[in-house]
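What follows is one structure encoded as C-alpha cells, with my remarks underneath.
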C-alpha cells in the first residue's frame, strides 16, 4: 500500500477507460454475490476471489494452497492468488459496458460541464442521452458542398415528378367524374342532388390526393432543407424525418442517440478553436452572451491546460470498488444484510448482460435503444441515486445509497471516517469531583487504568520477573493479582493521559493530566479544571485517551498539562478561577467583622497569633495587630493607622496604632484569616489587606498570571482551592427559608404603582394616549417599581445574612434572583421577546397566582426551546469558521511589512482627562508596534520602538504620557504568502509570549468566536419604542450575517460620494438626496422610513462612506466605496459589538483572522497578458505572482477587484479540493476539481488529517520533524522532581542506578562479538558505579 509520507501533493483528475482497466484486477461479469449454500463468493461475481483476492489469509478458494509459504502463487485450479485477505479492501474490478454511458456528475451537475463544453442546453442534452433525440456527430461538408448542385437537381426532379404524378392522378379522377355524370344523364337520372353528391365525393377524393402528395413534397423539402444546413451538434427529435434523411443522405453525415453520440462529439471537439472563438466573443460581446462565453471558456480552458480528455466524461468501463468497502454480512436468521451498492452494481450488470445478448441476437434498434437507456439510468443510480428522476428504492421504499451518498454529508466517508476516526487506547466514564487533586492530576479508576495501560503493565510484569512470558502476564492482568496493582502504579507514574469532554468547543476541551489510581468506576476531575471543560457533576461523562509514543507524551506534558493551560486563548484572562465553595471560604477568611472577639489585640509574631486562635482567644475575622518580619511585602499605599480595642483591660488604651520599627519589621493591622489567605499567594506578592469577593479574587489571579511563571500560578491556584474548601465549612453558611427576608413596605410599593397604572389606563380609555404610548408608560412604570423594590430588598439583607453572604461573595446567584425570591418578579417577556405590560407582582417566597405563573412560563419555555436551537446554530457557525480558517498557521517569524492598523489606546472623559480605552485588552493589547511611539510632550523622545509588545503595563504607560493612538501590526496587514507571520499576530493570549511558528491560529480564532456562540441570543429584538428603527438583528443571527457577508436586514444606506444632503418628507415616507460636489455625477436618492433615526441633518456636508441613518451597513458597499481595509475593520468592530453586548470578551485578532480569509480573493476584471481568465476568482498571492511574471516579461498586468466572500463561499473556494469536498457540496467540488485536475498541496490541517499525515502545525511542521530530544539533567530534575531521575538518594526503579544488580555475563549482545579479554567489571568504577565506556568494545 502507498505510504502517506511518500508524497507531498495529491491530484484528482478524469479517469480514462484505460486507467480504470489498469486499476482493475479483473472484469466482473456476473451479478451474483455469494453462493447461499457454500457461502463462498461466486466466480466472476461481485465478490469473486479471482478478482478481489482471497477471503482468508494465505489461502486460495479451493484450499489447494494454504499457509504463508505459498505467498504470491496463483492457484492453477481456482485462479486465486495466495495473499492476505486485506487486499479485498484495496483491489478494484471493472465492468466492460456494451454501450457507452455519460457520467452523471458532468452532465447533471450545476452548471452542466458537458452542456457548457458542447454549447448545448441541458434539456437538449438530456434528450440525446436518454434516447429521445438524435444528434449529428459528423458532416462531410466538402462532399456535400461538391454534390449539392446534383442533389438539388435530383431533389427538384423528384419534386417535379411528384407534382406530375399528383396532377395526373387528379386529372384522371376529374375525367372519371365527367364520365360518371355523362352516364347518369344517359340513364335519365339527372337529378340535381345525385349529381351534387357525385361531384362532392370526387372533390373530396381529389383533395385527399392533393394533400397526400403535398405532404410528401413538404416532407421531402423539410428533409432536404434540414440536410442542407446540417452541422455537427445539431439535434433532431423527429424520428421519421431523421430516418428519411439517413436513407437519402446517409453518406454525407453521421449521427446517433445516447452517450455514443456525445462521445463522438467529444472526440472530434477542437478545444483550441473553441478557446480562440470564445476569447473573441469575450472581447467583443456584452451582457448575457459575454457571461456565457466566460463560463464556457473556463470549462474549455480546463481541458486545454490539464491534459484531461473530454471523452473521459463518457464511460465505456466502470470501476467496481473493493468488496470489503461494500460488505455482505450474514444475520442471525440466515438472512443477509448487504450494502446498497451491491444492489446498484447488480442492476448495472444485469442490464449490461441483457444488452450484450440483444446486440448478439441483432435485435431491432428500438429495443436496443430502450436497453441502452436503462443501462444509462442504472449507471446514473450507481453514481448518484436520485440526481435525475425518481431514485431507485430498496425494501420499504428507502432510496439506495449510491457512491455519491457514501461521500456526502455527516455520515459520508469524509466526515464520518476520515475526519472522525475512532481511537484505540481510550475509555469513558462518569466524572466526580476530586477536591484533593492538584491541578495537573486526575483520578483514574483502577479497572480503567489497567485496561488502558495493559501492554505497558504486561511488559513490566515480564521485565520484573512476575511472569515468564506475555501469555502468563496477560493471565495475571486478567485475574488482577495483587502484584499487578503495584506495577500499574509504577507504569502510570509520569505517564500523562488526555481528558476530553464533549462538546469540545475550544482547545481547552482536551487537556493532559497525571493519573492517580482511585477506587470505584468514576473519573475524578480537579475542581479548577471544570471551567475550561464547562463540566459539572450532574452526570457528565468524559473520555480518556492515552498518548503512547515518547514524543506524544512529551508533547502532552509540555503543551497540554492542565497546570499550563491557565489562560483562555480567546481573551487572555484566567480560565482556572476558584469558584463556588472555594470563593465562599476565601470570602469568609478575608472578611473582617467589627467588634469580633480579640479585636485590637497585639501579637509579636504570626506564631503567637496562631496560638491565640487555637485557644479561641481571638476570632478568625477579628482585626488584630501582628508584628510582621521586614521581608514582608506590604500593600503599595500602606500608611500606619489605628485600630479600636474591644473590651480593653482597665488602664489599657482603647486604640492601638500600627507602626514601622527600626529593624524594618512592622506592626500591621489585619485579621488572621487574611494572613492565611495571603499565605497562599506568592511570597513576594504585595499583601492583600481587603475583603476578597469573586471580582477582587479574579483581579488578583489575573495579576499573578501576568507577573509569575505558570508553575507558580498553578501552585497559587491549588493553594487557594485547598484553603477555600477547608475554610468554607468554618463559615457555617447554609440557607433556610428564614433567610429570605421580604421587605415590609413591599405591599405599599405595589399599591402605590397600581394607582399610577390605573391613571394611565384611564387616560388611555378617554383617548389621551395611544395603545403604543400606554404600553410604554406601563412598562416604564413597573420597571421603576421593580427597581425600587429591589433596592428595598437589598437594604433589608444585612451582611450577616447567609443568602446575602452567598450573593455578595460571588459564590452563586445575584441580587436579581434574590429580588425574584424576596421582592417581586416584575415584568416578563412573551415568546416574541416583547415585554408584557402586566407585571408579576408576587415573589417566589409568597408564590405566584395562576395567571402570573402562566405568563412567566410562556416566555421561559420559549427560552429553553431557543437554547436548544441556538446550540445547533452555534455549532454550525463554529464548523464554518474552522473550515474557512483551518489553514491559517503561523508560517514565518516576520513578513517584513511596515504596514499596520491605527488603534486608539486612550480616550478622554467629560473633564478632558485621558483614560485607557475600555476594550484595550481586546484591541491593542498583545500586539507589536508597527511604528515608533513618540512622546507627544516633546515630539522627539521615542517612548517605545517598532516591534515592542503592547502589554497592559505599556498601554497604561502610553496613556500616562498622553498618547491617544498607536500604529500596531495586525493580521489584516500581514504580507505572508500563506498563513500569517508571528509578528503581525503578536502574543499568543494563552501564554502571553510571542506566538510560536507553527501555531494553528486560525483554528484558535474559530474556536474563540464559536465557543461563546451559545451564549448569544437568537432573537431579533423589537425595541418597543416609537422612534426606533425597524427590528435590528442582534445576537447569533447578526454574527452569522456579518461572517456570511450578507446584506443586513433593514440596511442603512451610506453616502456613495462626498456631497450635500437634502432630507425631505414624501407621501410614502422620507427620502435623502445626496447632491455630489462633482457636478459630472448624478445625485442619488435614498428612500428611508420615517421611523428611522437620522444620523445627518438637512444641508449637512458628508464625506464618501458616511452612514445616513441608524442601522446596519452592508460591508460589500463599504468595500466598494471605502476599500478593503475599511470593510475589514467594520466587520471586526460589528462582531465585537455583538459579543460585548452579551458580556463576552474576545480579542479582535481572532475576528481579524477570519476577516482576513474573507478578503483573500480577487475577481479578475481584465486578464492583461497573464494566464488568468476574466471573471475568475483567484487568491491574492496567485494574482500578485501572475502580474509580476507578466511585468517581468514586458506584458500588461491583470486588473481585478477585491471580493468579500462569506465564510461558506470562502471555504468552498479554498485551493485545497480535499478540504472543500469534506466541507459541503462534496459532489460539486469533486466534479470541479477533477475537471481542472486540481493539485492539493496538503498545506492545511484538514487535508492532512484526511490522508492520515501529521498536520503541518505545531510540532508537525517540517522544521520540527527531525528534531532529536537531548536529555538535560538540570531541566529533567525540575520537570520530574518526584520521579527520581538522577535525583539524590532516590530508589526509583526508573532512576539512576549503580548497575550492581545487573549480571552482564548473561546479556545477549546479538551479533556483537565480545573479545576474549572482556570483563564486565571493567565497566564499573570502584564504588560499583558506571564508568565511561571509552573504546572498550
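Each residue's number is its place along the chain shown, starting with 1.
Each Cβ is built from the backbone N, Cα and C atoms, and glycine gets one as well.
According to Swiss-Prot:
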BINDING   60, 62, 75, 78  Zn(2+) 1 binding site
BINDING   536, 538, 540  Mg(2+) binding site
BINDING   895, 974, 981, 984  Zn(2+) 2 binding site
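Positions of the features from Swiss-Prot, shown on the structure.
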residue: 60; record: Zn(2+) 1 binding site; DSSP (3 states): coil
residue: 75; record: Zn(2+) 1 binding site; DSSP (3 states): coil
residue: 536; record: Mg(2+) binding site; DSSP (3 states): coil
residue: 895; record: Zn(2+) 2 binding site; DSSP (3 states): coil
residue: 981; record: Zn(2+) 2 binding site; DSSP (3 states): strand
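Among the binding-site residues 536, 540, the residue whose Cβ has the fewest other Cβ atoms within 10 Å is 536. Summary for the binding-site residues 60, 62, 895, 981, 984: the Cβ-based neighbour count within 10 Å is maximal at 984. Among the binding-site residues 60, 62, 974, 984, the residue whose Cα lies closest in space to that of residue 540 (Mg(2+) binding site) is 984. Using Cα positions, the member of the binding-site residues 60, 75, 974, 984 nearest to residue 538 (Mg(2+) binding site) is identified as 984. Counting only the Cα atoms, the space from residue 536 (Mg(2+) binding site) to residue 984 (Zn(2+) 2 binding site) is about 38 angstrom.
The residues near the Zn(2+) 2 site, meaning same-chain residues not in 895, 974, 981, 984 whose C-beta sits within 8 angstroms of the mean position of the site's C-beta atoms, are 892, 894, 897, 969, 971, 973, 975, 976, 980, 982, 983, 985, in sequence order.
Taking the binding-site residues 75, 974 in turn, the residue surrounded by the fewest other Cβ atoms inside 10 Å of its Cβ turns out to be 75. Closest by Cα distance to residue 78 (Zn(2+) 1 binding site), from the binding-site residues 895, 974, 981, 984, is 981.
Of the recorded residues, residue 895 (Zn(2+) 2 binding site) and residue 60 (Zn(2+) 1 binding site) place their C-alpha atoms 61 Å from one another.
Taking the C-alpha positions, the distance from residue 60 (Zn(2+) 1 binding site) to residue 974 (Zn(2+) 2 binding site) comes to 62 Å. One residue stands out among the binding-site residues 78, 538 for having the most other Cβ atoms within 10 Å of its Cβ: 78. Same-chain residues with CB within 8 A of the center of the 536, 538, 540 CB atoms, the Mg(2+) site residues themselves not counted, are 431, 535, 537, 539. DSSP assigns residue 974 (Zn(2+) 2 binding site) to coil in the three-state reduction, placing it in neither a helix nor a strand. Residue 75 (Zn(2+) 1 binding site) and residue 981 (Zn(2+) 2 binding site) are 60 Å apart (CA-CA, integer value).
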